[in-house]
């Protein structure tokens, strides 16, 4: 059971499991361009999913993964939220982070639905970490039980670092 602000939440779809091949997505970047999983083809992907970039835990999650993992060879760190691209861009400017890849699922919520990340009651994404290899095979997942808590940074960072 997953909770948000002390209340149970429900999801549509099936959570990704280690070994699954991640379905392609179409998300909106801060420059309003469309980005898909294919845009990161051949790279390892750390997908950090947050409800809103403007909250303390979500900001911490985004900064932590970018600081710890952005220097890994052939790896991209992608943060996905339901925030409008304008808010994501403003956050990057305010934080002084120019190389962060922030993508939004605001347009049709398909990423959240396909990856079982969309909290039906709130129309926000839950907190999660998904790590994919170069072929989009899922190598690590964490869907948090309490959306108001941190992900297991150490486990996710270690999982990303051991990918060949």
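Quick reminder: no glycine exception, Cβ is built from N, Cα and C everywhere.
Going by Swiss-Prot, these are the annotated features:
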ACT_SITE  58  active site, cysteine sulfenic acid (-SOH) intermediate
DISULFID  58-92  disulfide bond
DOMAIN    16-162  domain 'Thioredoxin'
(request) Give the sequence-ordered list of residues that share a chain with residue 92 (disulfide bond), lie 6 or more positions from it, and have CB atoms under 8 Å from its CB. (result) 30, 98, 100, 102
(request) Let me know the model's mean pLDDT on the domain 'Thioredoxin' (16-162). (result) 96
(request) Restricting to the same chain and to sequence separations of six or more, state which residues have a Cβ under 8 Å from that of the residue listed as 'active site, cysteine sulfenic acid (-SOH) intermediate'. (result) 50, 51, 52, 81, 127
(request) Return one of helix, strand or coil for residue 58 (active site, cysteine sulfenic acid (-SOH) intermediate), based on DSSP. (result) helix
